[in-house]
Amino acid sequence: MVFTSPSWCQDILMPIPNNELVGEFVMRRGHGLNDVSEDSPSSVCAYTGKSYSIRDIRHNVKSLSKSLSQILGWDFNHGNPEDKVVAVCSLNSIDYVPLTWAIHRLGGICLLLHPTSSASELETLMRKANCKAVFTCKPLMAQCQAAFTAINGDPSNIFLVELPLPEEQPVKISNTTISQLIADGEGLPDLQPLDLQDFDSKERLAYFCPTSGTSGFLKIAKVSHANVMANILQCTTMDSYTTASQTDVTLGILPLSHAYGLLVQHFVTFRGDCIILHPKFDMQIALKSVQQYRIVRLYLVPTIIGALATNPILFKLFDLSSVKRVITGSASLPEQVSKAINQLCPEWEINPGYGLTESFVCMSWTSPNSQYPGSTGCLLPLVEARLLDADGSDITAHGQAGDLLVRSPSVMKEYLDDDLKRDVTFDSDGWLRTGDVATFKQNPKGDSHLFIVDRKKDIMKVKGIQVPPVEIEGHLVAHPAVDDAAVVAISDEDAGERPFAFVVRSQKVMTDIDEKSLKKDISGYIQSTLSEPYWLRQNIRFIDAIPKSHNGKALKFKLKQQLVTSSA
């Protein structure tokens, strides 16, 4: 059985362009969505108040591309795109995405590197992508220089992204800045017009997006211009059923180096929204900007929503009355956290979604038009999904869990230098194997909603019963003394496997209780809310922080390594 989007949202607002760059598509007005002036603020730096309109962005993209063309010797109409790869490794900046669009104007591809990557990871990814230039910021300059030098990169091709952050020990760096490149480009002659006669948006790559599952194995997803434009249109279509004629002020705290954050920046710019962009996440600074700019939409991850839910004092310290919608992705939103935030802010619409870097990005999204508590929403238009049982047969009924496969015009073509065979990632008909176990349920309106059960490789069997760790984790983070938690499977002679919880203690609640007593309290809490296969007993360990990947997912293989090390 093939699951699709609801009957009221079957097609996208307009065709996906087949001969256009994603930046040009986003920047041009006249889509028929919202009547927004080209001089209205499109992106604002939360720290300095500096803003860019679409007119400013278009000017900067043009000037940047001219400067880079002169320095690198590239132009759009000549050369292989995979020989024109530029790495961007920086904290958020209002220049970040326009920079990527300037690189696209030269026929180049942007490799997005996460700021928390180690020097060895940076070197591995730069080498694999055959990087020819790097844009980075002062805090990351040293490791980027080391990585680029290690792959014999030209040091003069390392450029600086300026950030509005104070420096503890100011360091003078002579690298050319984006501001200098824009200024220099203003005096250069225009580049040759883009020859798009043979350009295919489906085939031409826009971004190299590193991605890793809980295995920790780094891969690079090859994302085309059409992939990004498709998901912009899919999200815009779903969103248009409730907000077709209005623009919003939105909060930009998601890393632009991550697919979710990058998509949001493209999506809100296309809609005509104004995004208040933060270089990095700081809860109090973020909430202050919500108050200052009267932000309407928050794009968050579950851990931040959980932190808000467990710190109600924040709602007294800051005026958050402007907020109407909270969109969350990157990981599952525990139902207990959703209920807690709803009690604090019943006027907020909480809209969970589901997606992958490989599907760039969003596959399902909760529309105010169709709700189902605990779900990740309905499939977006043009997204198809299948569920396979243990025998590989298609599940044909609602309410039955199976391995989730998806197909969409936004799904990547393949991984770069694929170490995994394509038939491991995709089936013979082009369906992407997500690695997630999911189910579909119908709400009272008859719309099919997607529920993510857990990662396939994380689900444990206790006495033959499948136990998803995410369900235990959802209850753990609802405990007042728990800030964060991750659950893994351990071997058990009688049950086969049992859950083992790694818990980060709250620094504000029940701090006077010793670890033994708190373990007993948490264990009793789980026993009172879940059935016997989910019980933790004494399988609880307190740690300072849950190790996580760049996109906020728990690295459970590292937690399992801790168990092996401690038992050795």
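Just so it is clear, glycine is given a Cβ too, placed from its N, Cα and C backbone atoms.
What you are looking at is a predicted structure, and each value in this text was computed from that prediction instead of being measured.
Straight from Swiss-Prot, the features:
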- 211-219, 352-357, Asp436, Arg455, Lys553: ATP binding site (BINDING)
- 282-352: region 'SBD1' (REGION)
- 353-415: region 'SBD2' (REGION)
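Where Swiss-Prot records a feature, it is marked here on the structure.
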{"residue": "Pro352", "record": "ATP binding site", "contacts (Cβ under 8 Å, 6+ apart)": "Ile327, Thr328, Gly329, Ser332, Leu333, Ser338, Thr366, Ser375, Thr376, Gly377"}
{"residue": "Gly355", "record": "ATP binding site", "contacts (Cβ under 8 Å, 6+ apart)": "Ala259, Tyr260, Gly329, Val361, Cys362, Met363, Ser364"}
{"residue": "Asp436", "record": "ATP binding site", "contacts (Cβ under 8 Å, 6+ apart)": "Asp403, Leu404, Ile452, Val453, Asp454, Arg455, Lys456"}
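The Cβ neighbour count for Thr211 (ATP binding site), using a 10 Å radius and every protein chain shown, is 19. Residue counts for the region 'SBD2' (353-415) under DSSP, split into helix (H, G, I), strand (E, B) and coil, are 0 helix, 24 strand, 39 coil. As a summary of secondary structure, the region 'SBD1' (282-352) carries 33 helix, 12 strand, 26 coil according to DSSP.
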